[in-house]
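Input: a single structure, listed below in structure tokens.
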Amino acid sequence: MGALGRALLWLQLCALARAAYKLWVPTTDFEAAANWSQNRTPCAGAVVQFPADKAVSVVVRASHGFSDMLLPRDGEFVLASGAGFGAADAGRDPDCGAGAPALFLDPDRFSWHDPRLWRSGDAARGLFSVDAERVPCRHDDVVFPPDASFRVGLGPGARPARVRSVQVLGQTFTRDEDLAAFLASRAGRLRFHGPGALRVGPGACADPSGCVCGDAEVQPWICAALLQPLGGRCPPAACPDALRPEGQCCDLCGAIVSLTHGPTFDIERYRARLLRAFLPQYPGLQAAVSKVRRRPGPHTEVQVVLAETGPQPGGAGRLARALLADVAEHGEALGVLSATARESGAPVGDGSAAGPLGSGSRAGLAGGVAAGLLLLLLALAAGLLLLRRAPRLRWTKRERLVATPVEAPLGFSNPVFDVAGSVGPVPRTPQPPPAQQAGSSSTSRSYFVNPLFAEAEA
């Protein structure tokens, strides 16, 4: 096979592999200002202190002179050509001052699960990754800086970190046995620590529609590391009804388009189409395209996250509708069977293509409106019924009150028959209430007192 044939074979293998690269960013280099308490490299004549109980590997690229230096108990200094340490009097550098000693910060502060410490090797302008996919996925190639020192914490150890390959100190590990032997060596112990484990395999993603990242089980650790500077809490979103895509730690403003695809769908081709034909028309938007698991159930779908980063909101919703229209027109050619979309603050409209588009949002809205109208009609019917019965009740009560007259007493007081010796008028006998008079049949309503019969009886 000639050189051209070998080149074509290599290109075909790369196309089939579809491996992504994740690059480790922070270092423990001596000249890195971020590694020092004063956020600068120690000046000449300063007092330098390394953590006594920490193991660390430090690359030194220049010559330095200090008045005093406290070294770690377990560590190494990798000196570049012409680099070294020497003694220098305190105050030799007038800009240094006689302040506190320069402290080398804790080298164990860097965690494998911190998304801020990784950079994607194939990132394009306008594209981003959800938080869980910023950490190496199981099909990624991991590259550590070959000419810099570093130290990585592998986590609590409940779940091993699994990637396709690890490149460190000029070596590429694709087998667990070789990687385990390196991690057990002194060079490995100085660069990797913690109870966690690191594994390689099973290989690159061979599915043109993409592969699930596989970091869902460790997402709580990823979010904890990401939100540690914020006290473990997400900042409030700048929009109502913010969205939280699969793999994201906090809510965001924008839209999410979910694609159900067929066997001919190619995620790289769709990502390139989005980047070339749509994103340039919507400045202030970033997109993330990846395969995720559809909840509930074991099935997968392609998630397109449109995040608004500009000052003018609403662009994500317009782009989501444009993507739905694109699926309605070109869905069969793209290998997309159906698409749905939702937007922060309001549902996104859709059209019909080779499958139901946006049926979830529209059906939910229609169901809510129908339920509200039904409740309103029931309330109106009950109110009308009460209004029609209330006057009849009041009129019936009034008729009952009028139909029961209050009868005046029929008796009278006769002063001729009053008892002798009484002065003044004889008090009237108290009359029983009307209800008792009406209900009594043995008591006469017309009577008077006869004193003659009263004396005879006496």
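We count from 1, first residue shown onward.
Placed from the backbone N, Cα and C atoms, the Cβ positions cover glycine too.
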Quick test of reading the record: Swiss-Prot lists a disulfide for Cys211. Which of Cys205, Cys223 is on the other end?
Cys205
If you have Swiss-Prot open, could you say which of Cys137, Cys213, Cys223, Cys234 makes the disulfide with Cys249?
Cys223
In Swiss-Prot, Cys253 is paired in a disulfide bond with which of Cys239, Cys250?
Cys239
What does Swiss-Prot give as the disulfide partner of Cys43, choosing from Cys14, Cys96?
Cys96
State the Cα to Cα distance, in Å, between Cys223 (disulfide bond) and Cys250 (disulfide bond), rounded to an integer.
9
Helix, strand, coil residue numbers for the region 'Interaction with CUBN' (67-87) per DSSP?
0 helix, 13 strand, 8 coil
Mind checking how the domain 'VWFC' (203-254) divides into helix, strand and coil residues in DSSP?
12 helix, 3 strand, 37 coil
For Cys205 (disulfide bond), what is the tally of other C-beta atoms lying within 10 angstroms of its C-beta?
22
Identify, in sequence order, the residues in the chain of Cys234 (disulfide bond) that are 6 or more apart from it along the sequence and have a CB within less than 8 Å of its CB; answer 'none' if there are none.
Leu227, Cys249, Cys250, Asp251
